[in-house]
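According to TrEMBL, the protein carries these features:
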type: TRANSMEM; residues: 26-46; note: transmembrane segment
type: TRANSMEM; residues: 58-82; note: transmembrane segment
type: TRANSMEM; residues: 89-107; note: transmembrane segment
type: TRANSMEM; residues: 113-134; note: transmembrane segment
type: TRANSMEM; residues: 154-173; note: transmembrane segment
type: TRANSMEM; residues: 185-205; note: transmembrane segment
type: TRANSMEM; residues: 242-259; note: transmembrane segment
type: TRANSMEM; residues: 271-294; note: transmembrane segment
type: TRANSMEM; residues: 306-325; note: transmembrane segment
type: TRANSMEM; residues: 345-370; note: transmembrane segment
Amino acid sequence: MTDQAPELKSDGQLDHSKIHWFRSTIFQIFVVGGVFFCAPGMYNALSSLGAGGLATPWYANATAAAGYVFMAVLCITGGIIVSKIGVNASLLIASTGDIIYAGSLYLNSKNGTQWFLMLGSIISGCTDGLMYAVEGPIITSYPEPDRRGRMLGLWVFMRNAAPVIGGAIIFGLNNKIDSAGAVSLQTYLVIIGIMCAGPFIALLLSHPEKVQRKDGVKIVFRQMGWAQTLAEWWKVVCSRDILLLCPLFFTSWFYGSYIGTLQTQYMNVRTRALCAFVIPFGDIAGGFMIGYFLDNKRLTVKQRARLSFIGLMVLNLALWIWTAVVTKQLQDKKPVIDWSSGSIFASTFVLFILFDLATMATQTSLYWIIGQMSDDFIALSYMTGTLRGS
């Protein structure tokens with residue numbers, strides 16, 4: 001394979017026949033999506049069971065909290081690591097931590113090895129933080145501006161195919177367990193096997209400067225000294241625009257641990273497995289719906305940003321009000337919800353799906369907004385990492 005630059009047509013666009021598929025922007029999105037599918041995606045499939053399918057919510061919340069703390073730190077500072085070791089090495093390292101965490105879930109379920117569960121959560125948090133710092137600039141800077149929304153939708157599809165497929169596996173292995181408690185041990189082994197493909201997929205990613213965009217624009221990966229790197233990072237993370245966006249990112253992720261706790265406390269294993277399989281379809285729908293809207297050329301960029309923001313904020317507010325009502329009902333009745341439980345199952349199940357749809361649509365629109373703020377890969381790494389860490 002050669003890395004010679006393809007020829008430009010008279011209008012400045014690249015001749016599509018000269019773009020090598022391996023260097024195309026869509027292939028890079030597939031690579032990043034594939035890595036996320038195998039690593040955080042499969043982790044999310046386990047988490048959709050409610051804290052990894054564990055029967056003790058208090059300890060699951062403690063390990064999750066530890067992982068989130070380290071993930072937040074690496075999200076915010078991960079851009080510095082990316083700028084120093086490069087995109088490819090960062091993505092490769094980021095694909096490994098969730099394998100260790102899934103292994104700790106297996107050992108805890110089999111032998112009660114809780115100390116390793118905490119360690120695995122911390123390692124997973126660190127690598128996931130680095131993952132968000134490196135995938136963010138890829139999905140926002142690699143695609144051409146006129147199809148960035150659709151590429152973000154494709155990324156959403158790839159990252160949520162993992163909970164769908166992983167959820168199908170989990171559902172198939174656990175659909176006969178109609179009591180509360182942990183999932184079968186085979187579940188963890190299958191998920192770990194899929195996760196191990198992640199590092200190999202990461203090796204397929206092209207360096208930014210080798211990516212071939214249809215508009216002919218080169219993606220520049222700047223090399224800087226430590227002093228300049230730290231100064232620029234500080235300037236970006238403390239900028240007004242980033243500080244104003246942080247609360248939006250924070251609230252868009254807040255629902256996850258709350259919903260996971262409700263599932264663990266009130267749903268039996270097979271119903272949580274059903275949720276793990278079906279709910280990610282809400283994410284996929286939300287990503288594609290908002291992605292196509294954001295690429296609508298009949299509206300200006302400002303109009304698309306404002307309309308999507310207003311619509312999504314109204315939807316999220318309505319869902320949190322619904323959540324408060326459902327939570328009160330669950331606290332009063334204290335049921336063990338099965339898919340045959342009638343209206344109480346229907347109300348919680350539909351709520352979870354709509355929450356995922358609204359959340360992913362919100363996050364996709366926020367990534368799209370960031371992509372409009374800069375075309376510099378390193379700056380986007382600082383921005384997306386900081387906002388994801390919020």
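Note that Cβ sites are derived from N, Cα and C of the backbone, with glycine treated the same way.
Tallying C-beta pairs under 8 angstroms between the transmembrane segment (306-325) and each of 89-107, 271-294, 345-370 places 345-370 first. Within the same chain, the transmembrane segment (26-46) packs against the transmembrane segment (113-134): three or more Cβ pairs sit under 8 Å, each pair at least 6 residues apart. Contacts between the transmembrane segment (58-82) and the transmembrane segment (113-134): present, as 3 or more C-beta pairs lie under 8 angstroms, all at sequence separation of six or more. Remote same-chain partners of the transmembrane segment (242-259), defined as residues 6 or more beyond its termini with a Cβ less than 8 Å from a stretch Cβ, comprise 47, 61, 64, 236, 316, 323, 352, 355, 359, 362-363, 366, 369-370, 383, 386-388, 390. The transmembrane segment (271-294) and the transmembrane segment (154-173) are in contact, since at least 3 Cβ pairs between them lie under 8 Å (pairs 6 or more apart in sequence). The list of residues near the transmembrane segment (154-173) in space but at least 6 beyond its ends in sequence, with Cβ under 8 angstroms from a Cβ of it, reads 26, 29-30, 32-34, 36-38, 40-42, 44-46, 48-49, 139, 183-184, 186-187, 190-191, 194, 270, 273-281, 283-284, 286-288, 291, 360, 364.
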